[in-house]
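The following features are taken from TrEMBL:
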| type | residues | note |
| --- | --- | --- |
| COMPBIAS | 21-33 | compositional bias 'Polar residues' |
| COMPBIAS | 117-134 | compositional bias 'Basic and acidic residues' |
| DOMAIN | 233-552 | domain 'CDC20/Fizzy WD40' |
| REGION | 1-79 | region 'Disordered' |
| REGION | 92-134 | region 'Disordered' |
| REPEAT | 285-319 | repeat 'WD' |
| REPEAT | 364-396 | repeat 'WD' |
| REPEAT | 521-562 | repeat 'WD' |
Amino acid sequence: MASNPKTPSRFRSRSDAKTPLTPSLISSFNAISLSPKRHPADLSNPFLARSRPASPVKRATTGAAAFPSSSGATHGGVIRKGGIESRLEVVSHDYHPPKVNQNARPELKRSRSTPSTRERTLSHSSSHGDRFITTREDDVAPASLSSTATANLAPTATSSPGHTARLANATGVPLNRRVLAYHEPPPASSNAAFLTTQRNLARPLYSRADLPSSNGTFKDKSRKVPTTPERVLDAPGMVDDFYLNLVSWSALNTVGVALGESTYLWSADTGVVSHLGDAPQGTYVASVDFSNDGAYLGIGLGTGAIELWDASTSQRLRTMQPSGDAGGQCASLAWYAYVLTSGHSSGTIHHHDVRVPRHLVASLEGHAGEVCGLRWSSGGDVLASGGNDNVVNLWDGRGGDVGATTRGAPKWTKRNHTAAVKALAFAPWAPLLASGGGTSDTCIHVWNTTTGARLHTYQTGAQVTGVHWARDRKELVSTHGFPGNALAGWAYPPPSGSSGSRTGAGAAAGSSSSAKIFEIRDAHDARVLFSALSPNGEVLVTGAGDENLKFWRIWEAKAAKKKSKAKEEISVGRGILSIR
């Protein structure tokens, strides 16, 4: 029997029928791991992956992500792609945006490589110390420099008490004392007699009274102020009331004075006295003040109304009633251009435009007591008010015309006085304001109207009722009540080292007599309550409860003094060249 030859294996066709795999073979194949075997000693190598148990069979999915089956089995966050496995960082909470703090300062932008200041501070203070500062404990410090003594010096967490204690011990500087506080006297000189002789020889150079101080002020002993008045006028019926203002001197050289219910004018050029008018029945005159040009006189009444009079014709032009709630007398008046400002016992300040029928243009609320002092600056940019509440207010006068409503708050409010403030005066040559207090205060404060700072304080020792600045020299004069009833002149700025140069909260040691140029005691038999300065700034008129008006020549104009000196030189035969 002929046998068919076998077809070589390379030419043998493959069978289309596939032998089915039994479940035992499938489980055997799945159990095979292709990862190489490692020894336990290789666990320290970070580049060798640890062996894992066999991963489950990858199921065919249409999506890119693998979701857990419905039976509850999970893959533990394992995704196999291309034979490489990676584990997801799965979180179990949702993102909640942080609450924004409106008051917190925005954090400055920085690069990713630079941590924030808080992170750097915490990291250095908590885990990493300063490599240049030792971190030894405090037990190496001596007993005199223990941690109790160093706690006050270095309370922060970043300081090293031990290092500070050792440094202080090495340098010999106590921790609880100043560095430059020397307690041991210097060694005695080998030639003490020679130094004593030198000091005695140099002492007269520093003890001369006529040398000017460092601030350029000194007492001029060559100028003498007359202690007697040039003229005395009778003023019967003048009210002895600290809060009233009953004397004013106009630019036309006319003095206005209120005596009870009547107002009088005295011409300084001719000496003629004229009766201007009387207040309505049942009231009295509480304040008088001339306009800047001297043509009109404002009169404040005890009812709170203000009368406007023509000084040349002695005619009453109008009566201005601020409002029904003005409350009490109008004890102070102040003019600037066409605006007449009035202060009332209710603490309210009113601005009146005398050019229009509806005169009330603004009201200011800044005092809790009666407004007994009012002054406008020469430029009209600042209004100063003083009250019985011991307060000085500086108002901005550049607000323009507004409706009859309260206008803002004061620019500066000063509460340094301890008594009623009536005396107010602006310096004509600098942005300065002088204010004087009553009996329990007896101080004159000088303020900078630009910054609101208190520059100097004069201790007068008596009730201050008026303050006036000199026109052509740096001096001021004050009038006083109890106990001296005096007039006093003060140099500005006061010499250093006197109580008149007190600044801030404290006072320098010394006597106020070094700042006082002159003093006329017992100028009146009663309190010197009212005062006004002449248009040329040379003569001061004062009024008191003794029913007298007195005129004092306080200053002499420098121009007139130079002119009289030139005439004297010409009379003795000196030429024109020598005058120059």
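Residue numbering: from 1, along the chain as shown.
Cβ atoms are placed via backbone N, Cα and C, with glycine included.
Beyond the repeat 'WD' (364-396), the same-chain residues lying 6 or more positions past its ends with a Cβ under 8 Å from any Cβ of the stretch are 242-245, 328, 331-337, 341-351, 406-426, 428, 433, 435, 437, 441, 445, 447, 449, 452. For the repeat 'WD' (521-562), the model's pLDDT averages out at 90. Helix, strand and coil counts from DSSP across the repeat 'WD' (364-396) read 0 helix, 19 strand, 14 coil.
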